[in-house]
Amino acid sequence: MHARLDSDVVIMPHDSSQDNGVQTNQYSSIAPAASPVAQEDPFTTYFEEKVPIPENVNQIFSFRKLWAFTGPGFLMSIAYLDPGNIESDLQSGAVAGFKLLWVLLGSTIIGLLLQRLAARLGVVTGMHLAEVCNRQYPTVPRVILWLMIELAIIGSDMQEVIGCAIALNLLSVGRIPLWGGVLITITDTFVFLFLDKYGLRKLEAFFGFLITVMAVSFGYEYVLVNPNQGGVLKGMFVPYCAGCGSQQLEQAVGIVGAVIMPHNIYLHSSREVDRKNKKDVKEANKYFFIESAIALFISFLINVFVVAVFAQAFYNKTNMDVNAECNATGSPHTDLFPLNNDTLQVDIYKGGIVLGCFFGPAALYIWAIGILAAGQSSTMTGTYSGQFVMEGFLNLRWSRFARVLLTRSIAITPTLLVAIFQDVRHLTGMNDFLNVLQSMQLPFALIPILTFTSLTSIMNDFANGLVWKISGGIVILMVCAINMYFVVVYVTSLNSVLYYVLAGFISVAYLCFILYLVWHCLIALGVSCLDFGSRVRNQPAVLIEEQSEYDS
C-alpha cells in the first residue's frame, strides 16, 4: 500500500539501505517537483542560499555548529515583536499590571513548540509548510488555505505600516503627518527588500541589528521606570489574576492572539543539511531548536520590558492623572486625555506620549525608535513569508518586486485612507480589528503543521510520537478556542444586527473548512476509522527519484 499524494510525486514502499555503514535512508517522502519555471527563473529568494555546516565536530554540543545554524530563529522571532504585539503588551500592563506576564510566558513557550514542528518539517522534507500543503491537499482547499494566510499577512502588514507611521510622526514631533509616514514606509520597505542580494548571513545580521535596537530602546525604558522586580517575577510565574474581570480576560486573550502569528509558521529555515543521513537530520533539528529557544527568549524579554514599564507607571492611572502630568510638563497632547476618572486607555501612539509626559522627551523618542525598528523588521519577515506562501501553495514564482507591490498595495490602501481622513486615534484603533483577523487565521497554520509532522509517510522516523500528538492537539485546540473567544467578544461589541447576521454566515463557512482540516489531522494522528476518501495516509513511503536531482 502506498501513500496517496499528488500525481507529480512518485512514491514506493519505505526501504532502508546501508552504504558502507552509513545510513542512506531518504528522510523525505515528498520532494519539490522539478518545475521548468523554477529552473529558468533567474531570480533567487532568501532561503535559496545554503549556509554550510562545519564538519568533523564530534562533541555533543558545538558552538561552531550553533553559530552556523544561528539566524533563521531570530528572523522567525521578529514576528513576536511586531507593533501589534507591542501594543498588546502595553495595554495588558496598563489594564492588569504584572498579572498577565504568565500568559505572555505561556504563549511564547507554545510558539516555540509550534516553531519546532515547523523547523522539523523543513529539515526532514527540505520544504516549508506551504509546499507540503500544495502536495497533500486537493486544489480547492489549497487555494482557500492560501487566501486565508494571505489575509493574515496583509493584516499583519497593515499593523506594521501603522506602527512605522506612528513612530515617524512621534520622532518628527508631528511634522511628518501620518499619511506621509505611510508613504515613507512603502518606499523604504522596497529598499530594505534588496538587502538579501548581499548574502544570507549579512541579511540575518541586519535582522539581528534591528532586534538589538528594540532591546536597547525598550530596555532603556525598563531601567528608567525601574519596575518592582518582585512583581515582575510573581506575574511571570504565578498563573493567577487576582481581582481580574472581563477587561483583563480580553487582554489575556489578546496576548495569545498577538504572540502566535499564523503566517510566521510558514517561514522555513535553510541550511546545508544532508537529508539522506539520519544523524545529520537529527543534529539539525537539535541546533534549530536551541537557536529558536534563544531567539524567542530574547523576544520574550523585550516583550516583558514593555509590559513591565506600563504596569509599573500607568496601572490604575486615570485620564485625569495623565492630563494633569502632561499639563505640568507642557505637553501639547493633553487633549488626548479627557478630564474624567476613566481608566487610562493606551495604544502605541498614546504610550509614547505618556512616557514623554512622565519621564521626559528622551523616553518618547527612544520609544519611537524601538517601534520603528519593530515595524521595519516585521515588515520584511512578512514579505518573505508571503513570497514562500504564494510560491508554495500556487507554484507561482513572482519576483520580489511584483510580490511586494501586490500585497503592499492591498495593505497600504485602507491604511492610507484612514491616515489621510482620520487622526492617529482612529489609525491605532484598527489594531483591534486586525488582531481579530489574524486570530481567525491561526487554525490554517496550526492544524496543517500538526497533521504533516504526524505523518510517517512524510516524516518517517521523525514523525511526532504519541506525547507530541496529544500535547500538540491540546495546544492547538486551546489556542484556537481562545482566539475564537476573542473574535466573539469583538463581534458582540459591534452592537449591530447586520454584523451579527454577516458574522453568522461567515462562521458557518469558516467552521466547515476547519472541520475539513481537523478530519485530515485526526487521520494523521491515528484515528483510522475516519479514513474514508481522505488523501492523507500514514504509511511509510519514499521517493524513487534521488533527492539530489531536485536540490541541484
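Cβ coordinates come from backbone N, Cα and C, glycine included.
Just so you know, TrEMBL annotations never went through curation; they're auto-generated.
Now, the feature entries from TrEMBL:
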- 93-114: transmembrane segment (TRANSMEM)
- 176-195: transmembrane segment (TRANSMEM)
- 207-225: transmembrane segment (TRANSMEM)
- 245-267: transmembrane segment (TRANSMEM)
- 288-315: transmembrane segment (TRANSMEM)
- 353-374: transmembrane segment (TRANSMEM)
- 405-422: transmembrane segment (TRANSMEM)
- 442-459: transmembrane segment (TRANSMEM)
- 466-491: transmembrane segment (TRANSMEM)
- 497-530: transmembrane segment (TRANSMEM)
**Request:** Run the contact check on the transmembrane segment (353-374) against the transmembrane segment (245-267): 3 or more C-beta pairs under 8 Å, excluding pairs closer than 6 in sequence.
**Result:** no
**Fill in**
Here the stretch out of 93-114, 207-225, 288-315, 466-491, 497-530 with the most C-beta pairs under 8 Å to the transmembrane segment (245-267) is 93-114
**Message:** Under 8 angstroms, Cβ to Cβ: which one of 93-114, 207-225, 288-315, 497-530 has the largest number of such pairs with the transmembrane segment (442-459)?
**Reply:** 497-530
**Asked** Would the transmembrane segment (466-491) count as touching the transmembrane segment (207-225), if touching means at least three Cβ pairs under 8 Å and pairs must be 6 or more apart in sequence?
**Response** no
**Request:** Select the range from 93-114, 288-315, 497-530 that forms the most Cβ-Cβ pairs under 8 Å with the transmembrane segment (207-225).
**Result:** 288-315
